[in-house]
Amino acid sequence: MDIVRMGSVASGGGSVRRTASSWRGTSGRSDAFGRSVREEDDEEALKWAAIEKLPTYDRMRKGILTAGGVEEVDIGGLGLQERRNLIERLVRTAEEDNERFLLKLRDRMERVGIDNPTIEVRFENLSIDAEAYVGNRGIPTFTNFFSNKIMDVLSAMRIVSSGKRPISILHDISGIIRPGRMSLLLGPPGSGKTSLLLALAGKLDSTLKVSGRVTYNGHDMDEFVPQRTSAYIGQHDLHIGEMTVRETLAFSARCQGVGTRYDMLTELSRREKEASIKPDPDIDVYMKAISVEGQESVVTDYILKILGLEICADTMVGDAMIRGISGGQKKRVTTGEMLVGPAKALFMDEISTGLDSSTTYQIVNSLRQSVHILGGTALIALLQPAPETYDLFDDIVLLSEGQIVYQGPRENILEFFEAMGFKCPERKGVADFLQEVTSRKDQHQYWCRRDEPYRYISVNDFSEAFKEFHVGRNLGSELRVPFDRTRNHPAALTTSRYGISKMELTKACFSREWLLMKRNSFVYIFKILQLIILGSIGMTVFLRTKMHRRSVEDGAIFLGAMFLGLVTHLFNGFAELAMSIAKLPIFYKQRDLLFYPSWAYALPTWVLKIPISFLECAVWICMTYYVMGFDPNIERFFRHYVLLVLISQMASGLFRLLAALGREMVVADTFGSFAQLILLVLGGFLISRENIKKWWIWGYWSSPLMYAQNAIAVNEFLGHSWNKVVDPTQSNDTLGVQVLKVRGIFVDANWYWIGVGALLGYIMLFNILFILFLEWLDPLGKGQAVVSEEELREKHVNRTGENVELLTLGTDSQNSPSDANAGRGEITGADTRKRGMVLPFTPLSITFDNIRYSVDMPQEMKDKGVTEDRLLLLKGVSGAFRPGVLTALMGVSGAGKTTLMDVLAGRKTGGYIEGDISISGYPKKQETFARIAGYCEQNDIHSPHVTVYESLLYSAWLRLPSEVDSEARKMFVEEVMELVELTSLRGALVGLPGVNGLSTEQRKRLTIAVELVANPSIIFMDEPTSGLDARAAAIVMRTVRNTVDTGRTVVCTIHQPSIDIFEAFDELFLMKRGGEEIYVGPLGHNSCHLINYFEGIQGVRKIKDGYNPATWMLEVTTLAQEDILGINFAEVYRNSDLYQRNKTLISELSTPPPGSTDLHFPTQFSQPFFTQCMACLWKQHKSYWRNPSYTATRIFFTTVIALIFGTIFLNLGKKINKRLDLFNSLGSMYAAVLFIGIQNGQTVQPIVDVERTVFYREKAAGMYSALPYAFAQVLIEIPHIFLQTVVYGLIVYSLIGFDWTVEKFFWYMFFMFFTFMYFTFYGMMAVAMTPNSDIAAIVSTAFYCIWNIFAGFLIPRPRIPIWWRWYSWACPVAWTLYGLVASQYGDITNSTLEDGEVVQDYIRRYFGFRHDYLGYVATAVVGFAALFAFVFAFSIKVFNFQRR
């Protein structure tokens, strides 16, 4: 950004030390130093004169460093320490020195008459519209999924309209973002802030309808490259977890290049030379360093300093699997990533989320200095700016419902609203006021015309009134005069597409990929270990002493061994899929910001994986080639090796391509399975060439595996070992040729080279397509926004002010489930407060005395010399929380707020707790306490695929006493929804946080409601307002206040509240770092009690007028302040009257009131076991029905595979005249079982993983025991698997043409059903036994490979060496194939094979399958399903991977 324009010489500058004149000021020094200073000056002048004489190119790359002597340096060779020292001299502390530094940059430019390039951004009559499904059509259910897909196809063909409704995002807005001024973008959620920023940055989604124009300095977007002229900083922090903060910023700086800085510095240097001006040496070195390519690190160091990231510069960014920097630091990295570039206009979207107010203030202040001094352009959207941050801005843009309500100087905005009849209260932040004043629900409280009754002023009214207001009139007249294009600085707009040359881009991407491969080395080591294990199993199963060369059947076993090698390397490439998809979001972000083209990203990912293929294949072939007894000719050995390397590279290329095509794990997984299936089935091993139908023969000729298999078979069977004729009476062909002919493989030796050529062709093709798909495709959109009728109506009313009732006439009343209740809620709302809730509850207090909590000392602290065994986190904390009193639990990070709350609520899973906790005078018992307490966690964890109403009904069903009947329960849920303002969202899908469904603030309210429907007496809330904007925080606090007013005991931890939120609390429990309390007591009116207490302590600074007491209180009680004042605030509190008062209160509340009894419940859970099972099953049913990406995709995938199999193996079930026919039939069964089974096992894992997180919360809340949850999760799969089996079984059985007898059909369906079932349960079991679905996937995949070997297809059980035969009995897939083959062919005695052997005898001899054992086989298959389900349930009950 411009901050780097501070950085940008173009933009003006380099890191500066004092200008030449001010830098030396020797006059004031004593003569003792005079001589050495003069000598230094002379030396410097001589060196400078020498640099001046150099040609321009060299002059730009030489500078003078003055740290401890004068030294000429080569700019390209600055070391890390030299750079750090330079930045340290220029900007010692960002808060104090940054402004001075930037002024020096500007002064140097201005002294020789060079202006900084500036950009004025205008938008005129800008409108943006989207299309979305409204009401029930938008909810993704099983049926909607299919009907919407069909409608999309038909509407694309212009046959019908799609049924989507237009929704306006921005409506005819105009304005100017001026250079040199800081503009703040404010507006409630959904007002269109992000869309406006994206439109101005030229990054809008192509599916939106946009009208109007956006210009930079009068130039339209197509006249320059907006993505590089401006920088858009988004809300989402997408970074590669394995890179450090410094590496992330340095890579970004390297890709974005130096812009026009170099040309401007050349011009600056020329003018200074002509005018004989000598610049400040440090400034000169900095400006040269940030203008010469290859020295990005100087810019990086400067930005790290400005953003306060130096402390974590060399820490990994981290992700879900790697521990890294904090959320607030990640947010700053996202900002820094764009600031290191030369962009001159900044559009920043909610850059303060997760930051405390002082950090936000410092970052915005640095941006402000840059914008003011270097003439940058900045429009910044902030969520909840503190008053001091708000005051840093010059202009305010206020959006509401897609219209501009105000745009102009900050000083005039309150004047405008007062003219409209609204006044900001004294103790209210202006930014908070502005976000609420346009909202229909909040507006009335700010009405200030006492002589007139309040009337609702709509957004349209505000917008029209602003055009008549003097600020609006000036803006209008300015917009009517076009920008004078002659004023445009030639360096202002960027016209080159990328920041550096193609060669440099390639180098940058190569070095990053190499770094990531080193960081991810464990993945490659793990893959090699996996290959060693599989190789060991393979070579001991196909051991050469058991591998004979006597007959064609022996040849088939060798083919199985070769096929195992090919398939292993094919599957080994599957890891590329997940690794590529994980990096795609970051790739799309950087591609769209024009960091690099797609080919520069794709080349390193391909080229650097080639050595890994060589290594993996070398490990495999060295282990298996001679041990398995392949032809011992060294040339054939190397040919075999080359083929494996090519297969490995082909597989990697294919899976990378599928990742780029699928772009999402579930979709790409499905594509990956399809691809593997087609490759394998049509590769010539499962079904031979002559049996492939003519409509599928193209698949055979286009399968890379066919070429690989032909080449590898020809290489082996035309070798010396197979060069013998077994039975001249039958055939003169050698044994090798006979094997090839029987399996339908070409016998020409040239097929080896044809195979090599084809594989090389595929490698090139897949990698080129990978590059093209990366270039052409955009990331998959988020789940379509689902808009309810209510929301649409609400938007319309807010915008126009029309009466709601008028609107209902024209709408389809059946569309939304909540329409019927909308009116009812409005009426009951008013009188609910008066009469209390439908269900009574007992108000209870909670007291705790001298609570100490400790954990085992972490090993790293012991390594640093700490001798204690335990680390104390809470040091004797005492307090009391009472009914009807709202208590805030506050303190700096690390004070132990959440720890105390977890201890009181009984949520800790480890550690040591001491002290007394009592509930209304009786000792706390966790079993009964869970029934009367609610806990709202900071992370809003809910099942994503149920609606708001269903979430609440489910919670009430399981947590209210069993005496409460269904009708009362529903009434109570309605009341709670009214209380927390969720009535209009009752039919909305909850969704996943940050992906789809409810907004953050709506999720917070749902979390509160889910606890409230349990009718608790005590509620704990962990940070209920974090991450919310001012208006959303106010709504949540209103919810909390309503809850307290019903007479409940409520405690909230809270982080940096605004004044009005802070003063909504009755009492404060303030803790300091280390787990001690320093103030426990009432706040008082305008926080007077709190202020008086701290101001009464000697040395504590007084609070300024209008300053936030919460911020002041945290500032004056820091550890640094304690050191300055020489006091301990915890000691001061323990010696105060307040402490004595609290101790008295605790002892009063710790004695039971006369006539009271202790809490007692006859059972641990409020509902009996059967009801728990029913409720869990009800929720699972709803979840599965509304999760078509899982359930519908599975049926779709199964149907397509069934049709493919059916048509490939058409009518082969009837052909049993040759051994090959039996192999083809077996091939169809083996492929189906393995592929659909593995697909089931893989896709169920993320579903169970998400639900398990919800299970941890619900179990801790005492809703149910682990078994009903596991029971429901197992049971809900059965009907879905049954439907899958019916679809698959009917299609395949009829098309392949198996024998249509009741018994055989029944057995086929039976084995398929239980096989799909045990695969699904196996996937679920792997999740239950591991911490997350990533590890579960690795664990389960390892077994799939082993099951593949022992399934009985690659090598039949009788041929498996005796030491491995036991495992074939423990392999579930072997039992399935036993059942399928024995039931279809094990009883055929009236048909013989080509050599006269009866089918039944052949099946028994070759495979070891007997028809009369079917009962045992069936029992075994059912047993595996039951075993996996049992282990799943057991693991869910026993293992808890949640650490608190």
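In case you wondered, yes, glycine gets a Cβ from its N, Cα and C as well.
Annotation comment: Swiss-Prot describes 1-36 as region 'Disordered'. Residues annotated as compositional bias 'Polar residues' in Swiss-Prot: 19-29. For 154-426, the entry in Swiss-Prot reads domain 'ABC transporter 1'. Taken from Swiss-Prot, the feature ATP 1 binding site applies to GLY187, PRO188, PRO189, GLY190, SER191, GLY192, LYS193, THR194. The annotation domain 'ABC transmembrane type-2 1' is assigned in Swiss-Prot to 504-717. The transmembrane segment annotation in Swiss-Prot covers 522-542, 555-575, 610-630, 642-662, 667-687, 754-774, 1192-1212, 1220-1240, 1278-1298, 1305-1325, 1362-1382, 1414-1434 (among others). The annotation domain 'ABC transporter 2' is assigned in Swiss-Prot to 846-1098 on the grounds of sequence analysis. According to Swiss-Prot, the feature ATP 2 binding site maps to GLY891, VAL892, SER893, GLY894, ALA895, GLY896, LYS897, THR898, an assignment based on sequence analysis. Residues annotated as domain 'ABC transmembrane type-2 2' in Swiss-Prot: 1171-1385.
Sequence features annotated in Swiss-Prot and their locations in the structure.
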residue: GLY187; record: ATP 1 binding site; DSSP (3 states): coil
residue: GLY192; record: ATP 1 binding site; DSSP (3 states): coil
residue: SER893; record: ATP 2 binding site; DSSP (3 states): coil
Site with most surrounding Cβ atoms, counting all protein chains shown within 10 Å, from the binding-site residues SER191, THR194, SER893, THR898: SER191
Contact yes or no, the transmembrane segment (610-630) and the transmembrane segment (754-774), 3+ Cβ pairs under 8 Å, gap 6+: no
Recorded stretch, among 504-717, 846-1098, 1171-1385, maximising Cβ pairs under 8 Å relative to the domain 'ABC transporter 1' (154-426): 504-717
Selection from 522-542, 555-575, 667-687, 1220-1240, the stretch that has most Cβ pairs under 8 A to the transmembrane segment (1362-1382): 1220-1240
Segment confidence, the domain 'ABC transporter 1' (154-426), expressed as mean pLDDT: 91
Distance from SER191 (ATP 1 binding site) back to VAL892 (ATP 2 binding site), taken between C-alpha atoms, in Å: 33
Long-range Cβ neighbours of the transmembrane segment (555-575) (under 8 Å; 6 or more residues past either end): 523, 527, 530-531, 534, 538, 542, 547, 549, 616-617, 620-621, 624, 628, 630, 644, 647-648, 650-652, 654-655, 672, 676, 679-680, 685, 705, 708-709, 712-713, 716-717, 722, 735-736, 738-739, 742-743, 1341, 1345, 1348-1349, 1353-1355, 1359
Site with most surrounding Cβ atoms, counting all protein chains shown within 10 Å, from the binding-site residues VAL892, ALA895: ALA895
Environment of GLY187, PRO188, PRO189, GLY190, SER191, GLY192, LYS193, THR194, the listed ATP 1 site - residues of the same chain whose CB lies within 8 A of the CB centroid: LEU399, SER400
Cα distance (Å, whole number) from GLY894 (ATP 2 binding site) to GLY192 (ATP 1 binding site): 37
Rounded distance in angstrom between the Cα atoms of GLY187 (ATP 1 binding site) and GLY894 (ATP 2 binding site): 33
Additional residues around ATP 2, ordered along the sequence, whose Cβ is within 8 Å of the centroid of GLY891, VAL892, SER893, GLY894, ALA895, GLY896, LYS897, THR898: THR899, MET1071, ARG1073
Residue pair PRO189 (ATP 1 binding site), SER893 (ATP 2 binding site) - Cα distance, angstrom, rounded: 28
Spatial neighbours of LYS897 (ATP 2 binding site) that are distant in sequence (at least 6 apart) but have CB under 8 A: LEU889, MET890, GLY891, THR1053, MET1071
For GLY894 (ATP 2 binding site), nearby residues of its own chain (Cβ under 8 Å, 6 or more apart in sequence): ARG1073, GLY1074
Spatial neighbours, same chain, of PRO188 (ATP 1 binding site) - Cβ under 8 Å, 6+ residues apart: SER400, GLN435, GLU436, THR438, SER439, ASP1029, ARG1031, ALA1032
Chain-internal residues near LYS193 (ATP 1 binding site), provided their CB is under 8 angstroms and they sit 6+ positions away: LEU185, LEU186, GLY187, ASP349, ALA381, LEU399
Protein Cβ atoms within 10 Å of GLY896 (ATP 2 binding site), excluding its own: 24
